[in-house]
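Here TrEMBL flags 40-454 as domain 'Major facilitator superfamily (MFS) profile'. TrEMBL lists 39-67, 73-96, 103-124, 130-152, 164-183, 195-215, 261-288, 300-319, 328-347, 353-375, 395-417, 601-620 with the feature transmembrane segment.
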Amino acid sequence: MTATAVRPNEAPPPREVSGLRRLWDRKLHHYPENGPRSLYLGITVLATVILYYELYVGGAVATQIIAELGFSFTGYVFVSVIGNLVGAFASLFAGLADRWGRANLVVGGLLLTGLLLLVGLPHAPGKTAFTVLFAVLSFVEGVVLVATPALIRDFSPQVGRGVAMGFWTLGPVLGSLVVTTVSSNTLDEHPDWRWQFYVCGTAGLVVFVVALVGLRELSPALRDQLMVSMRDRALVEARARGLDTEQALKGHWRQVLRFDVVGSAFAISIFLLLYYILVGFAVVYFATVFGYSEQRANALANWYWVTNAIALVVTGVLTDRFRVRKPFMVVGTLVGLVGSVLFALSATRPETGYYTIATYFILSAAGGGMAYVAWMASFTETVERHNPAATATGLAVWGWLLRLVVTASLAVFTLVVPATSVLVDQGSRVSEIVAAHPQEVAVLSALDPATSAALAADPQDVGALATALGAVATQQGADADEAAAVSEAVRTRAPQLAAAQAVDPATLAALQADPTDPAAGAAAVGQIASALGVDAGQATQLLVSLGDPAVQADLALVQRYGTVLQQANTSIPADDLAYLAEHGDEVAAAAEENPRQWQRWWWVCVAGQLLFLPFVFVMAGRWSPRRARQDEQAHEEMVARELAALERTNG
């Protein structure tokens, strides 16, 4: 660990500020008692929850935003890609919190994000403005969401760090839970997506006021030291009077850019791939794969978030109780893998029930929460192993890598699941057409694309018509013999069929009433000759053949299914029919391929969880609770000796 720089002269600590000055000068020069300390931790956790709520609220109404603002699905994904990329470099900027402090970054960030959610994003005039505003939101979030875990670390000694980080990691989970709970209970009454943003922005501004009045932070001299337990408080305050904070921060970037810090930050980033896709696209996944409504999809996601929240807090308590982090990371990963594998397998099993998926979510979320909170506590301790004064810098590296990994994964995600883009972009209109004309679409869907194209190019194409009417007959419930008979009738009776179509309905009706009517007969011969380009003799022969009972039976069969096909074409409006012809087959193919594509992505997430495991071994901390307690006892003895030495010096 980097040595703490202490001056030989010990000045008395500055007095605490009061009055309005507290609104910007938030430094504490004495380590707070448990009551105020718990208050500051609580405000920090509340701020974290609301910040993640603001970041994730768009996912609950993603399909509406896509439709109203004219995004393609891929375009909407790249809103998140851009936001995460901006947030990544904002996280590096947040490393300055070690010099500038944390609390003012949090308070200012809450004000900006609340205003963006209340008056910015819901009133974006188009997709470009929405993308820019989301990038601004992501920049602010990238800064603040490094400052908040730094505050948690400052106010929580290593003994108790697990519980504190358990509550901090509730931030993203409770943020997600608030999103799904509010949306699943209000979308029916308030279907406009903007209403979700208004509620979120209002809540954000309320929390801003709470943080403005109540949030404080430790002075640099206090927070730049390693504190193992509350029993270190007297020593930490005594050291702080002579601590050279500038010297403590010297070379802090170099000190945290180590394999154990960078490697473990990368590992947790790929571990969380499943979590981040569920946050942004759970509604899209369940809508396109299982046909769930937004409300039902959000309600199902609640099973994941509630379980994850419970696991975070319980595991935080247990890691402090046993004084170890690493065993919980390993066990949590293994439990989470079971749930994640089962969830991935369910993607291609449409019969999988709601509560079965909820069970998979419980396993995945419980294991993931266990591993994540243990990692978070261990990561801050790993940074402290190099330099306690560089905590925000280490967390900035983590935030930067996390957002870069999410950025890259979202970009790749659009390539892995292209069918979803088709279903979101074109599937909704195709579904509306199908819902309005279900029988007609079913008839047209019976035709293969080549046959449909051939008939569109030439409605008199005998081969295409024979194939089409055979398919229509099958779709209408005819047996194989009748379907074959229809196709054969079209081929063998093509001249008679053309002749019958050439005679106008009034003339045909007159002949059916009186086959010997000379005027009707002459008119019919003329119409056949003109339409088919034959002479009067050939036209007469065709007209006579129409009276043959066998021909009439065949033509009646053709007419039965021809009428069905004609009505299907004429009942659907021309623009809808054109849209269906252009996109119907593509949407049908995408609907078939979509579950398999999502499953491939879930396997990528499973691989990320597996790759997390080796990096556990490079992090700080013991595997054995007994050895951890021995370390704690040795530290307490060192503190007692140093306090005694200070008392002798001061005496």
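The backbone N, Cα and C atoms fix where each Cβ goes, glycine too.
In the predicted model, the domain 'Major facilitator superfamily (MFS) profile' (40-454) shows an average pLDDT of 84. The stretch in 39-67, 130-152, 195-215 that contributes the largest number of Cβ pairs under 8 Å to the transmembrane segment (261-288) is 39-67.
Contacts between the transmembrane segment (601-620) and the transmembrane segment (130-152): absent, as fewer than 3 C-beta pairs lie under 8 angstroms at sequence separation of six or more. When Cβ distances are compared across the two stretches, the transmembrane segment (353-375) makes no contact with the transmembrane segment (130-152), since fewer than 3 pairs at least 6 residues apart fall below 8 angstroms.
Long-range Cβ contacts of the transmembrane segment (328-347) within its own chain (Cβ-Cβ under 8 Å, at least 6 residues beyond either end) map to 271, 274, 289, 311, 315, 318-319, 356-357, 360-375, 378, 595-596, 598-599, 602-603, 605-606, 609-610, 612-613, 616.
A contact links the transmembrane segment (164-183) to the transmembrane segment (39-67), because at least 3 Cβ pairs that are 6 or more residues apart lie under 8 A. Proximity of distant same-chain residues to the transmembrane segment (195-215), defined by a Cβ-Cβ separation under 8 Å and at least 6 residues beyond the stretch ends, is recorded for 23, 26, 39-40, 43-44, 46-47, 50-51, 53-54, 57-58, 60-61, 103, 106-107, 110-111, 113-119, 121-122, 182-183, 186-187. Remark: the transmembrane segment (395-417) contacts the transmembrane segment (73-96), by the rule of 3 or more CB pairs under 8 A.
Counting Cβ pairs closer than 8 Å to the transmembrane segment (73-96), the top stretch among 39-67, 103-124, 130-152 is 130-152. Sequence-distant contacts of the transmembrane segment (103-124) (same chain, six or more residues past either end, CB-CB distance under 8 Å): 24, 26, 44, 47, 50-51, 54, 57-58, 69, 94, 97, 130, 133-134, 136-137, 140-141, 143-144, 147-148, 151, 193-194, 197-198, 200-202, 204-205, 207-208, 211-212, 215-217.
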